Structures are given as C-alpha cells and as structure tokens.
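Among the features that TrEMBL reports, domain 'Flavodoxin-like' is placed at 6-150. Residues or ranges marked as FMN binding site in TrEMBL: 12-17, 59-62, 97-106, 132. Residues annotated as domain 'FAD-binding FR-type' in TrEMBL: 206-446. Residues or ranges marked as FAD binding site in TrEMBL: 350, 382, 383, 384, 385, 416, 417, 418, 419, 596. Positions annotated as NADP(+) binding site by TrEMBL: 460, 515, 516, 521, 522, 523, 524, 525, 558.
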C-alpha cells in the first residue's frame, strides 16, 4: 500500500451517508490506498491531529441538525478552545447529503467545511452538495466530485508504478462469513436477546423495550383515502420517561410472505442457524444480531429487503452474477453512465431490493450467504412523534401513524415497512409486543410559566402538540393556541372531542381549516392570516413561542410567508425587518419546526 492513509468518517441518519462512505472505501482500495471507514462518533476525535487525509461524509437532518451518530463529534469540533492550527497537517474534503426542499440545505456539510478551514485544515475541493431532490439523486453531484477527488488525492499521494488500478468488477471479500451449524440450537439465545433480559440503563437501540400494544384503532372515516391509526403501548416497568416533543423509535419487521419469497429466490433454508464471523480484525458484528441466529430471523428482523436499493447494491450484484445477460444489465445500473436508466427502473417506481432480486433470478440464486450483509442494509428504526403525555396517560405511550401506501407504475402498491407492519398488528387477537425506545425530539416547549404557545399542526403533524397541550394543561397553562387543518371534519379531524372539551374549559384556543368542505380550499396558513392581529399580539406583546409540524412539501414555506406578511401588516415592519424578526425567533428557539418529506 502507498504511504498515504485515507480516513473516511461519516454521519448518517438513514444510511445513505454510510453507503456513500463504504463506496469511497471500495474505490480507495481499488486505487491501492489504505482506507478506514468509521462513523464519526465511533472515531476518537482527538486522533484527528495525526490524520493526513480525511473525507467527511455527512447528512443534514431536520432543520439543519447533524445526524445522531455525529452529535458528539459536532460538539467537540466546535469547542472554542481548539487552536486555529489544530488540523494544519490535514488535507480534507467534505461531502454533504441533503434535500434542497429544506431551508437549511446541506447546512451541516457547509458549516463543517468552514470549521475545518478555521482549524487550519487544507481543503482538497469545494464541499460537495448531494441533493435528494435531483432526479438522479445525490449521485448527480457525487460522481463528478469523486472524479475530481481522486485526481487531487493521487496527485500528492500517487499510486506506485508497480501497482495497477483494480478494475471496477473485481469482487472484494465479504465483510463477514456465515458459518452454518449442523444442528439447530435449543431455543434460547434468540429469545433471550429479543426479550432484553438484564437491561443496562433505559431502553435503547441495542436494548429496546418490548412494549405490549394495548390498542390499534383507525381514526379516519371509512371513506377517507388514508388509514391513520392511534396506537397505544403499555410502558409499565420499562424505565421509559419522555416529555412533549420527544420521539419514540420503533424497530419494524419484514412481512412473512416477503421473507419466504426472499429465501426462495436465494435458495436459503429459513430454519438453518449460523454464527457470524468478521473477516478482518477490528470489524465488529452487528450488535443487535444474536449469535447463533436463524436465517428466518436475519431476513425478517435485520435485512432491509423492502428498501429501494442503492447503486452499490447493483455494483456488488454484478460482481456476483454468473449469468452474462443479467451481469451486463447490472453493470450498467451500477455505472455512472447508467444512472438515468437505474432511476427509471428502480428509484422512480420505488422498486424494492426483493423485487430486483426476483427480476434477476440467476444472479439471486448464486448470491453466497456470506455477502448478505454487504448486499443489504440493516432495517433502520422509524421515529414517530409521541402523541400523549405521561401526566394524562400514566404508563402509556401513544402515537398517530399514517399508513403509507401509494401506487406507482408497478402492479403491487408501495407500502411503508413500519406503518404497514404496525397496522397489521391486532392486540385483540392475542398479545403483541413491539420493540421501542425513546429519544429527545426537535421540539422543546417553554419551561417558564405563562408563556403562550402557538402550534400549527395540519394532519398527523398535530401529534406532538397533543402531547404538549396535555402536558401544559396538567401544569395549569391556558395560553395554548392550536391551528389544525385536515380535509373534512367527519373524516380526519383527529381528537375532535378532546380539543372541544379543552376549549370549553378555557384551556385551548382551537382554529380549524377543513380544506375540502367548500369550493375554495382553506388551509392553516389562511386561518393564520385571518387571525394576524392575535398572532402578532401573542408573539410581540406576550413573548409567545411558535411551533410548526407536518409535511415538508409546501406547508412550511407557506406558513413562513404568512408570518412575514403578518409582521409587515400588523407590526409595521419593512421586508428586511420582517425577515430579521423571523430569523431572531428561530435563533432564540421561539420558532421551531418538525417537518418530514
């Protein structure tokens, strides 16, 4: 290997940044560069002062926040005590992953790039801004940037003349080996792991609480286009506590029919058991995976066979394929020039990894079990806003779940893995337990008494505000203003009776917008504008906090535009002053949002 040591550090929330980082690692090794790939919070950050060459791959989440697995690094790197020469020996590059429909597009990558320069680092390239909104996805920006990166890296750190660039189709060893057991082990290891015996501290991803599901109730009318569920869990004895604005994370499973289909396509015996062994020192096995484990459990609870596969999936499948025609097509999908066709085949119609494997049957049947964890990502937990307060519902945790189902040009409807799985569970048919844990959310509510709050929560965006209103009412706070919007009062007006009862008690001011009940559509921003004098008086006269939650597509921008017009018309502010007023509310956390695509 050349003397250059390349380090790739990633901050990933949904797995895309990790996938890109592992691609970087593969491409580095093809160029005979020594390369390590690590999550930012797993890397001892003080060692950065000894690293000559580092690529940072980081996603931006929420409203410009770093992913969970780089938050410790983020706090450290922005310490004021760090000297301006701390990283003067380091060449670096930053690759960002974001979504241009959000106001703070790739904020984390941009801010990290500036900070590394402040600490004396030398940037090999301008920051790369991958965009989910591009029709070809982040690769549209990543591909040309990587080409420039390797030219820069191999300039000061050239490949020795006696080493060749390995061709892209060369198959690298799998990360792990699956050692199948001749005898089925007695029941125990898997169940013990699942049951979370001997928990260390509060429930977490490594040790979730198996919460009994108490009820699973559809709360939209029978003729409504969407199935929305109010689901309640019993968290007695779990050690779980939460506040308004917190999130519950739930670990879903693949359906039994998909598990069976996958095992058939790959020729796997679901009842066979195996142990997992890393091939290289320093590589650890997935911590949630029990040892030994059955193939059925691996596929049902760990491998994300229902996800839309990324480009790296096709690159590896092409290497594994023994079938000439299938291999040629897979190579095309895995190449830079084939990204438009891949988008048409896979990304736009949301074709799943399982469906792709069924489309390439000769390749699927030849996939060695050792490569399963290289080929497929692990199922990631899904986050839901907690929709209840422990003060109102002791030992209970409630969520509002919109079951994701939509049609593409594929015959089979697309279904959300977690929401569909949750909707299928019926506690009336027998005990149901769901692995879950809690973490802090993006919304924090005022601790100071008598501070009013204005909450705008159309649709299922109202969930965190129900928790906040229950919490505040229990504490005697009456300054609660809720703007709620839905299609029709009789179809999707969540918690109608509860809101009206609180309003009758003087604990809540409820403002509704039913968009489909009149010829002209009425949304929450229209109601907000109509009550502009009240909004301005609460914000400017009484120091109110303003919260917004819901779909990220148009509503957040429309609400912000409405607020700016209120500041101009009711507050008499100029355009620049109105924008500065809104920015000040955001800086002081008196304006907070929680939106999702």
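Just so you know, glycine gets a Cβ as well, placed from its N, Cα and C.
Remember, predicted model here, so these are calculated numbers, not experimental data.
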Whole-number Å distance separating the Cα atoms of residue 350 (FAD binding site) and residue 62 (FMN binding site) is 23
Those residues of the chain, 6+ apart, with a Cβ under 8 Å from that of residue 62 (FMN binding site): 442, 594
Quick note, residue 522 (NADP(+) binding site) and residue 383 (FAD binding site): C-alpha atoms separated, nearest Å, by 30
Looking at the binding-site residues 59, 105, 383, 385, 417, which has the shortest Cα distance to residue 460 (NADP(+) binding site)? 385
In whole Å, how far is residue 102 (FMN binding site) from residue 558 (NADP(+) binding site) when you measure between their Cα atoms? 13
Pull the DSSP breakdown for the domain 'Flavodoxin-like' (6-150) and write it out as helix, strand, coil residue counts. 58 helix, 35 strand, 52 coil
Just to verify a number: CA distance, residue 59 (FMN binding site) to residue 385 (FAD binding site), in angstrom, no decimals. 21
Distance between residue 419 (FAD binding site) and residue 516 (NADP(+) binding site) at the Cα atoms, whole Å? 26
Chain-internal residues near residue 15 (FMN binding site), provided their CB is under 8 angstroms and they sit 6+ positions away: 377, 380
By Cα geometry, the one of the binding-site residues (12, 102, 516) nearest residue 383 (FAD binding site) is 12
The most crowded of the binding-site residues 99, 558, judged by neighbouring Cβ atoms within 10 Å of its own Cβ, is 99
Binding residues 460, 515, 516, 521, 522, 523, 524, 525, 558 (NADP(+)) - maximum C-alpha distance in whole Å: 19
Looking at the binding-site residues 102, 105, which sits with the largest number of other Cβ atoms within 10 Å of its Cβ? 102
